[in-house]
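Student: A single structure is presented below for examination.
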């Protein structure tokens with residue numbers, strides 16, 4: 001008699017199917033996790049790349065800002081240097097002008113002193129008397145009456161410090177007259193105006209020498 005086939009074991013089949021399904025599910029899960037890991041890795045690389053790009057752009061902007069600040073500081077320093085240089089130049093001009101005015105005033109005082117010295121003679125042991133033969137006013141000698149007045153002491157005493165008085169008088173005369181000469185002769189140089197001023201000073205009634213030697 002032929003053998004009878006036993007019927008299929010339902011429980012074993014179901015267990016085998018469940019196992020296969022679990023394995024398939026596990027494999028699918030691993031595949032999904034691997035894919036997710038790849039996306040996460042790509043996101044990390046992209047984030048790092050974007051961060052580096054942002055950092056680079058930030059650094060570039062900071063460098064531009066720094067250059068702008070340096071350029072601004074440089075311009076400010078140049079403006080300050082120009083201002084200081086301009087003030088220094090103006091100060092030098094004023095100082096030179098003052099020195100020139102002082103020099104001319106001193107020369108005038110020295111010239112006045114020389115004139116006074118030339119008009120005075122000293123006798124041994126005697127007081128100072130004016131040399132009547134050398135006192136000249138605009139080319140003419142003093143008269144006899146004035147000579148007698150000098151000898152008998154009726155004339156004012158000789159100024160022992162004429163240079164100070166002459167210098168002060170000349171400075172006052174220059175301050176008053178020089179602006180007028182400039183206005184009247186705008187095309188002349190300062191040195192030419194000074195020469196005109198000196199010539200007027202020699203004949204001016206403000207000159208102490210002229211007042212002293214006036215008839």
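Backbone N, Cα and C atoms are what each Cβ position is placed from, and that goes for glycine too.
Automatic, uncurated: that is what TrEMBL annotation is.
According to TrEMBL, the protein carries these features:
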COMPBIAS  1-17  compositional bias 'Basic and acidic residues'
COMPBIAS  52-90  compositional bias 'Basic and acidic residues'
COMPBIAS  97-106  compositional bias 'Basic and acidic residues'
COMPBIAS  204-215  compositional bias 'Polar residues'
DOMAIN    131-210  domain 'Coiled-coil'
REGION    1-115  region 'Disordered'
REGION    196-215  region 'Disordered'
Student: State the non-local partners of the compositional bias 'Basic and acidic residues' (97-106) in its own chain: residues 6+ outside its ends, Cβ under 8 Å from one of its Cβ atoms.
Tutor: 167, 170-171, 174, 190, 194, 198
Student: In the predicted model, what is the mean pLDDT computed over the domain 'Coiled-coil' (131-210)?
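Tutor: Mean pLDDT, the domain 'Coiled-coil' (131-210): 72.
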